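Listed in Swiss-Prot for this protein:
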- GLU90: active site, proton acceptor (ACT_SITE)
- 97-330: domain 'Radical SAM core' (DOMAIN)
- CYS104-CYS335: disulfide bond (DISULFID)
- CYS111, CYS115, CYS118: [4Fe-4S] cluster binding site (BINDING)
- GLY157, GLU158, SER188, SER211, LEU212, HIS213, ASN292: S-adenosyl-L-methionine binding site (BINDING)
Amino acid sequence: MKQTKTKYGKMKQMVSNLKLPDYRYEQLTKAIFHQRIDNFDDIHILPKALRMSLVNEFGKNVSSVIPVFSQDSKQAQKLLFELTDGERIEAVGLKYKQGWESFCISSQCGCGFGCRFCATGSAGFKRNLTADEITDQLLYFYFNNHRLNSISFMGMGEAFANPELFDAVKILTDQNLFGLSQRRITISTIGIIPGIQRLTKKFPQVNLAFSLHSPFESRRSDLMPINKRFPLNEVMKTLDEHIIHTGRRVFIAYIMLEGINDSKEHAEAVVGLLKNRGSWEHLYHIDLIPYNSTDKTTFKFQSSSAIKQFCSTLKKAGISATVRTQFGSEISAACGQLCYENEL
């Protein structure tokens, strides 16, 4: 990665170009990440010439994303952000009873993969986000006194389809910037094999979540067209390699769709998919997700009793499985519901 690709690289280069000592960059990053100062002009410890250069290059504020709409529920907040070119994305903040805060961020404007159960795909793909636009979503929450306890790339878009993803993760894990542990970050994928392989090599401690949704190749291809490009069998082999290399658990997301993928046959096929893979198979964990309805899709919500029965079948076969506790569905902030349709 070139040093000047992200704004933090540009800031460092700016300090050098102005022939200022290196500690000025350290003062700048400490003002942002320790003192939570979002306005360059308010970083009074910096020389005026540097502050003026920062404003000229990046604008008045450190964060480039502008909140234009917010919806709150008891434990969730959904933000609609406008970017500098007018495009819009959504991000979600979640609060748990223990005080833990988790954030679901977007990696793309829209999504071009067309998963049939996901509202984001109905909008189509607009463009990839830059590494700064990805991390600025979190910077906004941070500047508003939230604690960045955990981060998930489960918002709009397929993270591994965006080349900027790994620059964003580098920013998030840089101890002089966000300083997050890799283990506090989760990347969700529909099964982009090259992306999984790159994550294994570059950030082996980052959590990986794979969207399965059907154990049958043909049915999965119908629900998720990406399966024709990266077949389930090949993805599973790549996930095996990831576990062997990292020793880390892989989470497998499975949205429960009534009459589509919720039968005993499906549950037994999931068992067959995960059993007898090797000594590492215990590191696969199934995350059953109740379907969240939207006006963009036509699937039906599965009853909680049916989901529990599906989960029971998995557990009896020795598969690690849980039913996800969902927050934010009442404000269209849950899994599969983000579609940036709200406006002031």
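In case you wondered, yes, glycine gets a Cβ from its N, Cα and C as well.
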Looking only at C-alpha atoms, tell me how far CYS118 ([4Fe-4S] cluster binding site) is from ASN292 (S-adenosyl-L-methionine binding site), rounded to the nearest Å.
9
Of SER211, ASN292, the binding-site residues given in the record, which has the fewest other CB atoms within 10 A of its CB?
ASN292
Does DSSP put GLY157 (S-adenosyl-L-methionine binding site) in a helix, in a strand, or in coil?
coil
Spatially, and counting Cα to Cα, which of the recorded positions is closest to GLU158 (S-adenosyl-L-methionine binding site)? Options: GLU90, CYS104, CYS115.
CYS115
Give me the long-range Cβ neighbours of GLY157 (S-adenosyl-L-methionine binding site): same chain, 6+ apart, Cβ under 8 Å, in sequence order.
SER106, SER107, GLN108, CYS109, GLY110, CYS111, THR120, PHE125, ASN128, LEU129
Note: in the chain of SER188 (S-adenosyl-L-methionine binding site), residues six or more apart in sequence with C-beta under 8 angstroms of its C-beta are SER152, PHE153, MET154, ALA159, ALA209, PHE210, SER211, ALA253
Cβ-Cβ neighbours of CYS115 ([4Fe-4S] cluster binding site) (radius 10 Å)
22
Roughly how many Å separate the Cα of CYS115 ([4Fe-4S] cluster binding site) from that of HIS213 (S-adenosyl-L-methionine binding site), to the nearest whole number?
10
Could you check what DSSP calls CYS111 ([4Fe-4S] cluster binding site) once collapsed to helix, strand or coil?
coil
